[in-house]
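**Student:** Sending over a structure as structure tokens; questions will come in a sec.
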Amino acid sequence: MNLSEISYRRVVVKLGTSVLTSGSLKLDKAHMVELARQMACLMKAGVEVVLCTSGAIAAGKEHLGYPQLPDTIASKQLLAAVGQSQLILAWSQLFSIYGLHVGQLLLTRADLHDRERYLNARDSLNALLNNGIIPIINENDAVATAEIKVGDNDNLSARAALLCDADLLILLTDQKGLFDADPRKNPDAKLITEVQNIDDSLRMLAGGAVSGLGTGGMATKLEAADIARRAGVEVVIASGHHKDVIQNVVCAKPVGTHFTALEHPLESRKQWILAGPKARGQVVLDTGAITAVTQKGRSLLSKGIIEVNGLFQRGDTIELVDTKGKVYAKGMSRYGSLDVSKIAGKHSDNIEEILGYDYGDAVVHRNDMVVL
């Protein structure tokens with residue numbers, strides 16, 4: 001690889017189940033060899049690589065001889081527990097061919113929700129990278145429940161990119177990228193090569209495109225791309241079976257769909273608000289409050305709140321939505337849901353009179369808010 005061609009220095013590569021199995025029921029070891037070779041070439045060229053890998057459940061099924069198990073969470077956790085060790089062993093053996101070591105990081109949303117644990121995860125990730133070790137990240141499916149799951153490795157890889165301050169996230173799938181129609185149904189569908197803004201029309205376009213295996217489809221990849229690009233990370237969605245795809249993307253060659261990063265990315269704490277804590281509830285805003293928050297950079301005041309959904313505590317992350325449920329922002333509430341219900345629609349000057357105390361005029365301060 002020509003060093004002068006390299007456009008990025010720290011890269012997160014996400015491999016979906018459909019890429020690792022090539023559409024079969026077991027890991028495609030031959031293809032994993034090729035992917036490991038590409039990543040090893042990057043490492044040798046001075047590019048730091050983080051691997052976010054799916055495939056634990058598929059590996060577990062294969063190792064146990066495809067057992068007949070009930071379709072329950074416990075069965076999936078069993079398969080993940082068995083398969084994760086097989087998956088990390090396979091990657092360790094493959095990278096050892098090139099004299100490279102790997103380190104395993106298993107995460108849940110709980111590790112990202114708490115600010116201290118989030119920073120600890122970041123320190124661990126950076127320690128591996130700084131010592132020339134390839135971090136291999138997966139969700140800890142053996143213990144994760146619906147409440148603490150990130151949900152898919154697309155979103156997990158975006159959060160990993162934020163954790164390690166990567167400048168590129170590569171999402172490899174069984175599709176060539178994002179198309180203007182479903183290529184499996186429409187032979188005239190055209191590949192979208194460049195995306196500078198993710199809007200509702202693009203989200204609708206991606207909504208129906210789902211990979212054959214795994215938990216992620218094109219919609220989750222779009223969510224991941226949106227998180228990453230807001231933090232200043234460029235994103236490429238491409239086919240994991242395209243020849244030399246990883247190297248070509250890192251050398252900025254035209255492959256897949258490229259999402260440009262925001263020119264002015266979010267600062268670190270707001271990155272955490274966006275990607276770390278799960279929203280515990282919602283507040284419904286009137287049109288004036290939506291305009292103030294999204295267009296004028298204002299804090300959310302109690303006067304602009306129409307309704308409160310869900311139960312949340314002071315300091316929890318909540319979503320700011322309109323009457324139709326569209327999410328406009330995400331932020332940390334300075335008041336619990338019961339208090340917000342009491343002061344909703346009331347002037348900020350009356351908060352102390354209503355509650356007997358106050359934590360400031362803003363329900364969500366602009367410094368604790370990310371506009372989406």
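The backbone N, Cα and C atoms fix where each Cβ goes, and this holds for glycine too.
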**Student:** Of the residues Asn130, Asn131, Asn153, only one is listed by Swiss-Prot in the substrate site with Ser54, Asp141. Which is it?
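**Tutor:** Only hit among Asn130, Asn131, Asn153 in Swiss-Prot's substrate site, alongside Ser54, Asp141: Asn153.
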**Student:** Relative to the Cβ position of Asp141 (substrate binding site), how many further Cβ atoms are located within 10 Å?
**Tutor:** 23
**Student:** Counting each residue once, how many in the domain 'PUA' (280-358) are helix, strand and coil under DSSP?
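**Tutor:** Across the domain 'PUA' (280-358), the residues distribute as 26 helix, 23 strand, 30 coil.
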**Student:** Would you work out the biggest C-alpha to C-alpha distance among Ser54, Asp141, Asn153, the residues that bind substrate according to the record, and give it in angstrom as a whole number?
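**Tutor:** Binding-site diameter by Cα atoms for substrate: 11 Å.
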**Student:** I'd like to confirm something. Which of the binding-site residues, Ser54, Asp141, Asn153, has a Cα closest to the Cα of Thr220 (ATP binding site)?
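**Tutor:** So, spelling it out, the nearest of the binding-site residues is Asn153.
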**Student:** If you run the three-state DSSP split on Lys14 (ATP binding site), which class comes out?
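**Tutor:** In three-state terms, Lys14 (ATP binding site) counts as strand.
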